[in-house]
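Summarising the annotation, TrEMBL assigns transmembrane segment to 321-345, 365-384, 455-474, 486-506, 566-587, 689-710, 716-741. Positions annotated as region 'Disordered' by TrEMBL: 633-659.
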Amino acid sequence: FGNRFFCAKTFTFSFFQAHLEKTEGDIKELSESAVNLKSNFLELTELKHVLEKTQAFFNEQDEANGLDTAHKALIPEDSQNISIRGRLGFVAGVINRERVPAFERMLWRISRGNVFLRQSEIEKPLEDPATGNEFHKTVFVAFFQGEQLKTRIKKVCAGFHASLYPCPSTLGERHDMLKGVRTRLEDLNLVLNQTRDHRLRVLVSVAKELQNWSIMVSKMKAIYHTLNFFNMDVTKKCLIGECWVPCKDIPVVQKSLADGSSACGSSIPSFLNVINTNEDPPTFNRTNKFTRGFQNLIDSYGVASYREANPGLYTIVTFPFLFAVMFGDCGHAIIMAAFGLWMILSEKKILAQKDKSEIFNIFFAGRYIIFLMGLFSFYTGFIYNDMFSKSLNIFRTRWYVNNSRFDPDSTATEFELLPKANYHGTPYFMGVDPVWQLAKNKIIFLNSFKMKLSIIFGVVHMIFGVCVSTFNYVHFKKYSSIILEFLPQLLLLIFLFLYLVVLMFMKWFMFSATLDGWLDKPVNKHGSSCAPSVLIYFINMMLMSETPPNEGCDMYMYEGQHTLQQILVFGALICIPTMLLGKPLHIMFTKKNKTPKPVNVSKKSPVFKLCNFIFLYTLVLFRIKPTGDINQGMELDEVPENRPEPNNSTHPEEEEEEEPISEVFIHQAIHTIEYTLSTISHTASYLRLWALSLAHAQLSEVLWSMLFNLGLVREGYVGVAFIYIFFGAWAIGTVAILVVMEGLSAFLHTLRLHWVEFMSKFYTGLGYAFQPFSFKNILEEEDAD
């Protein structure tokens, strides 16, 4: 249930909150102090520039009047100059550089041109104490005459947010003030550096603990969020919480409750009660890193209902195998298996990375699926004898060149292979004979071979899916459905399509090219020339017709075949009304005699049980000393108003009995029509195994002949360069088109075969997943956000 020390967390959270508040207060105090110091430093810096710039203004004016600034105090001033200078005043300050033109125009307008303005830009940008942004300012000195004009100038300066600073009128005073400002700036700069270092040390210490603090806060939020779902008992002395727990984990939860009670110092332990309920339990499938990817494929279709047969176990074998039938190539399989193996071996390193892309995360989650698909594809590629569109003559071919049929002087590279003219009589040891790579009738042979394999695998896969449905019928005690649904569905597949598969095997065993003999010998009834078309047999079986055989051949493969086929067709037709009417009539006849039974949930059979958690917070939260029986006043069977009423959908048969009989007939008619039509469409759907396998082989051959083969026809040094170039193009095309794109296509088709053709026979997927309280999942979700 997550953290076992719920009570102790109350004290931990209070201590942690106080520590965070203290740290926050220290950082705020340091930040405010730094802002104040920077503001003082900025003011002193601006004052320093004002004193320096105004001194330059006065020096220029004195030089213009013919006075020496250094000996100015030694030269007496006449009375006229003294009177004029006594009547003039000036204002000095700094203003933002972009506001200078508007500021200058405003001063000219308010004074009607009676203000003399001098300005000088500050070369080095200044820093804003609050934001830290840099900005440029300009020093100005405005000369005027009269106190009224002085007041107007100060109002304009205030409107343009200009900073005014005192500036002495004599040279000595200005020098003394500038010297004092520089001294204060040096001291203030030292204090600023010390403050910055101290704040940096505090922030570094906080940064080291920030990740741990974030995790602690997330855990505490999750704990208190879960505790908010608890209910208070009638005595308001304890909390009652209900949740689903796997049966195997009940001892773990009990131990956690005991540890939590002892950790918080409570004399009354928290305890757990198992209660019976009619609610549908969640579905929980225990998985590991190997099976998790396959289970995700199933859950993407729909989460299994509680105790429903889980196809994830069978998918571990069937999914990579059906994929390999479409992706059979040893070379491409090695690339795919190597990629999957690399992700498996490097999974710890990859899991530690935080900046993985979403597409790579999808591949990484299915690393074991990719690895198995590569291994299975290598096996099917070995059976197809196909490696980058080339065959390997490992066990030596069982065909030979018949000189009586081929011209020895011919330069042709492809020949038509006929069993009775070119076959030794013994098959290739394993897989497809490599000589078919050079045969003109290769496509005809491989089409027939792969098409039959697709039908065989499809029929076996569907029959297995129908058989899995018996587990659901037995578990949910729907025994009537075994007779009225399972058997008709199974017999329909057996009578029609499994018989088609049997005919394929009979054709392979009963007819052989070794019985043909030479071209000049008569036709043998069991030779390859008399091998019938299984598809024609099946069509004639459904249409109740016959097709005349070739000359010298039998019409049927065995005696009584026509009669047996008629029996199978009539048996398949009988299965349809059985599926249509059997279950509704059974429900209608048994509805009056059957009485509803109370729901009895065993304490041992379910995987999940609804558990009642009683957390006694008497000592910790309420500070009340308990008296009397601890169970006194606890109404465990009370259903709060905000909790949904129990759902009785655990027993499908009881739910079906509540439906009107007309709706039962309609639903059964829909299911019967769907299943009957799907037996044909689903069987044809498995032909995608043949189609994609053929397309994959042809694309591989096209890439070889159109790209890499062009680099092999050149000779000399030019040929080396051509091989290098065309090999690169062929390698890129192989990985991008044949491995990635074709692999994705085969993956999607395999997924469809499992979701639609296989799982539709027994799987409903109407449940909901079990979501346990997990700190790991909570932290992963926050990291993703």
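Any Cβ shown, glycine's included, is placed from N, Cα and C.
No curator has checked TrEMBL annotations; they are predicted automatically.
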Could you check if the transmembrane segment (716-741) is in contact with the transmembrane segment (321-345), meaning 3+ Cβ pairs under 8 Å among residue pairs at least 6 apart in sequence? yes
Given the transmembrane segment (321-345), its same-chain partners at Cβ distance under 8 Å and 6+ residues beyond its ends are 363-364, 367-384, 386-389, 453-454, 457, 461, 688-689, 692-693, 696-697, 700, 734-735, 738-739, 742-743, 746-747, 749-750, 753-754
Distal contacts, the transmembrane segment (486-506) - CB-CB under 8 A, six or more residues away: 452, 455-456, 459-460, 462-463, 466-467, 469-470, 473, 534, 537-538, 557-558, 565, 568-569, 571-572, 575-576, 578-579, 582, 675-676, 679, 683, 761
